[in-house]
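Chemist: For 21-50, 70-88, 100-119, 125-152, 164-184, 196-214, 331-352, 359-376, 388-408, the entry in TrEMBL reads transmembrane segment. Marked as domain 'Major facilitator superfamily (MFS) profile' by TrEMBL: 25-481.
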Amino acid sequence: MARAHPLNVLATLDRARTQRYHLAAAAIAGTGFLAGAYNLFAIIFAGRLIGRVYYADETATPGQLPPDAAAALNGAAFCGTFLGQLAFGWLGDRIGRRRAYGWALALMAVFSAASGLSFGREPKAVLATLCLFRFWLGVGVGGSYPLSAAVIAEYANKRTRGAFVAGAHAMQGVGILLGCAVALGVCSVVPEADHVWRAILVAGAAPAALGFYLRTKLPETARYTALVARNPKRAADDMSLVLRTRIQEQEVDVSVGRVDDEWGLFSVQFLKRHGLHLLATSSACFLLSVTYYSQNILQKDLLGKHGWVSPSPAASMGAVQEVARLARAQALIALCGATPGYILSVVLIDVLGRRRLQLAGFVVMTVSLLALAISYDHWTSHPAGFFALYNVTFFFANAGPNATTFVAPAELFPARLRCTCHGVAMAAGKAGAVLGTFGFLSKGADSKYVSGIGARNELFVLAGTNFLGMLMSLFVPETRGASLEVLSKEVVYESIDMFMDSNGE
C-alpha cells in the first residue's frame with residue numbers, strides 16, 4: 001500500500017449535517033437541469049407554430065413540420081446533447097467541474113436566446129439557422145448532465161447524497177412545467193404566431209443565465225481539488241469557508257492509503273475495476289431512453305382521444321390556440337405522471353437504495369406496457385384506462401430508473417474519471433433517445449413515413465426493452481450510504497469507523 005496521508009476534508013463532507021451549502025449546490029445543479037429541460041421541451045410548441053407559419057403550403061396537415069424538417073430540428077439538439085455529454089464530461093475531469101459547468105451554462109444562455117432570433121428569407125433558411133443554434137444549445141445542455149451530477153454528488157454528505165442528486169435531476173420536471181406555463185402566458189398576450197415561438201425559445205436563456213450566476217457562489221468541489229488537482233490544503237480552506245468552520249487535524253483523524261491511480265479510461269485496470277459498472281449503467285440508460293422518448297406514440301392516442309389536440313388543427317382552431325391547448329395537455333400529463341414520480345424518487349432513493357428502486361421501476365414499466373399491448377384495442381376505446389396505464393408507466397419511470405440511472409454513474413467512478421464516465425452513460429441514453437424518437441415513426445405518425453410495425457407491436461418491443469433494462473440493473477452495485485472514495489476504490493480507508501455517523505450508518 002502506498003504512503004498514508006490525511007484527507008480530513010473528505011471525511012468532514014461525508015459526515016456533515018445537511019445545511020445551507022448543500023441547498024446551494026443543489027440549486028446550482030438543479031437550475032442547469034431546469035434550463036436544459038425547458039429548452040429541449042419548448043421545441044414541441046415552437047415546432048407546431050413553425051409548421052403553421054412557414055410550411056402552411058407544403059404539407060397537407062398544417063400545424064406540423066414536414067418529416068424531414070421535424071427530424072432535422074429534433075436531431076440537431078440530440079446530436080448536440082450527445083456531443084456535449086462526452087466533451088464536457090471529459091472537460092470536467094480536466095479543468096474542473098465549476099469552470100466547465102460555467103461554460104456549459106453560458107452556451108445554453110447564448111444559444112437559447114439565439115434560437116428565438118433565427119433568421120432567413122425562406123423557410124429552409126430559418127430552419128437551418130434554428131438547427132444550428134439548437135445544436136450548440138444541445139452541446140450546453142449535454143454538458144450540464146455530467147457536470148451537475150458531479151457537483152452535487154461531491155458536495156453532498158453520504159447519508160443524503162442520493163436525494164440531493166435526484167433532486168437536482170427532478171428539476172427537469174419543473175422545467176417542463178415552466179415550459180407549459182411560459183407557452184400559456186405568451187399565447188395569452190402575443191397574438192402573432194411567429195412572435196410566440198420566438199418568445200418561448202428566448203425565455204429559455206433566463207434560467208441558464210441564473211445558473212451561470214449562481215455557480216460563482218460556490219468554490220470548486222473539494223473532491224476535485226484534493227484528489228484530481230492534488231491540493232488538499234486548498235480543498236480544506238475552501239470547505240472551511242463553505243462549512244463556516246475550520247477543518248482541523250484533530251476533528252477527523254483519518255488516514256487513507258492511496259491505491260494506484262495512474263491508469264486511465266482505456267486501460268486494463270479500469271476494465272477490471274469499473275468496466276462492468278460502465279457497461280451496466282450505460283445499457284440501463286440506453287434501454288430506459290428508448291421507452292422514455294418513444295412516448296410520442298402513446299401521446300398521439302392519448303391527446304387525440306381526449307380531443308385536446310385536433311387531428312385537423314387548421315380547420316378547427318388557430319395556431320396560437322392550438323399551442324395553448326397543447327400546453328395545457330402537456331402540463332396535465334406532467335402533473336399526473338412525471339412530477340409525482342420525480343418527487344417520489346427523491347423521497348425513496350436513500351431509503352430503498354438505487355438498485356432496488358431501479359429494478360422496481362423497470363418491472364412496473366414492463367408490466368404496464370405489456371398490459372397496454374395485450375389489450376391495445378380495448379384501451380384505445382377506453383381513454384380513461386389508457387390514461388391511467390400511460391401515467392403509471394411514466395410515473396414509475398421517473399420514480400425509478402430515470403432518477404437512478406442518473407445518480408449511480410456519479411457515485412461509482414473515481415474522481416478523475418467521474419464526469420467522463422457519467423458523460424459516457426448519459427450519451428448512451430441519448431443514443432437510446434434517438435432510437436426511441438425516430439425508430440418508431442410510421443404512417444401512424446405521418447403519412448410520409450414508411451409503414452411501421454404498428455403501435456401494438458411497438459408496445460411489445462418497449463416492454464422487452466424494459467425487461468432488458470431490469471436485467472442490466474442487476475449488475476449495478478448499490479451505492480447508498482457509502483463514501484464516494486470507497487465506492488470508486490480510489491482510496492482505502494484504514495480507519496473506516498471514523499466515516500460512520502453517530503447512528504452507526
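From the backbone N, Cα and C atoms, a Cβ is placed for every residue, glycine too.
Describe the structural surroundings of these features, if you would.
Modeler: Counting same-chain residues at least six beyond the ends of the transmembrane segment (21-50), those with a Cβ under 8 angstroms from any Cβ of the stretch are 63-65, 70, 73-74, 77, 81, 101, 104-105, 108-109, 112, 115, 126-127, 130, 134, 137-138, 140-141, 144-145, 147-149, 151-152, 155-157, 160, 164, 167-176, 178-179, 182-183, 193-194, 196-197, 200-201, 203-204, 207-208, 210-211, 214-215, 217-218, 242-243, 319-320, 322-323, 326-327, 330.
Tertiary proximity for the transmembrane segment (100-119) is limited to same-chain residues at least six positions away from its ends with a CB under 8 Å from its CB atoms, namely 28, 32, 35-36, 39, 84, 88, 91-92, 94, 125-127, 129-130, 133-134, 136-137, 139-144, 147-148, 151, 197-205, 208-209, 211-212, 215-216, 419.
Among residues of the same chain six or more beyond the transmembrane segment (196-214), those with a C-beta under 8 A of the stretch's C-beta atoms are 24, 27-28, 31-32, 34-35, 38-39, 42-43, 45-46, 49-50, 53, 102, 105-106, 108-110, 112-113, 115-118, 140, 175, 178-179, 182-183, 186-187, 190, 319-320, 323.
Using a Cβ-Cβ cut-off under 8 Å and counting only residues 6 or more beyond its ends in the same chain, the transmembrane segment (359-376) has close neighbours at 288, 291, 298, 352, 386, 389-390, 392-393, 396-397, 399-402, 404, 455-457, 459-460, 462-463, 466-467, 469-470, 473-474.
Through the fold, the transmembrane segment (388-408) approaches residues 145, 149, 153, 162, 165-166, 169-170, 173, 281, 284-285, 288, 291-292, 295, 298, 302, 333, 336-338, 340-342, 344-346, 348-349, 354-355, 357-362, 364-365, 368-369, 371-372, 379, 425-426, 429, 469, 473, 476, 479 of its own chain, all at least 6 residues removed from its boundaries and within a Cβ separation under 8 Å.
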Chemist: If we skip the immediate neighbours and take only residues 6+ beyond the ends of the transmembrane segment (164-184), which ones have a Cβ under 8 Å from one of its Cβ atoms?
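Modeler: Beyond its ends, the transmembrane segment (164-184) has Cβ neighbours at 22, 25-26, 29-31, 33-38, 41-42, 45, 148-149, 152-153, 155-156, 200, 203, 207, 323-324, 326-328, 330-331, 334-335, 338-339, 342-343, 345-346, 349, 398, 402-404, 406-407, 410.
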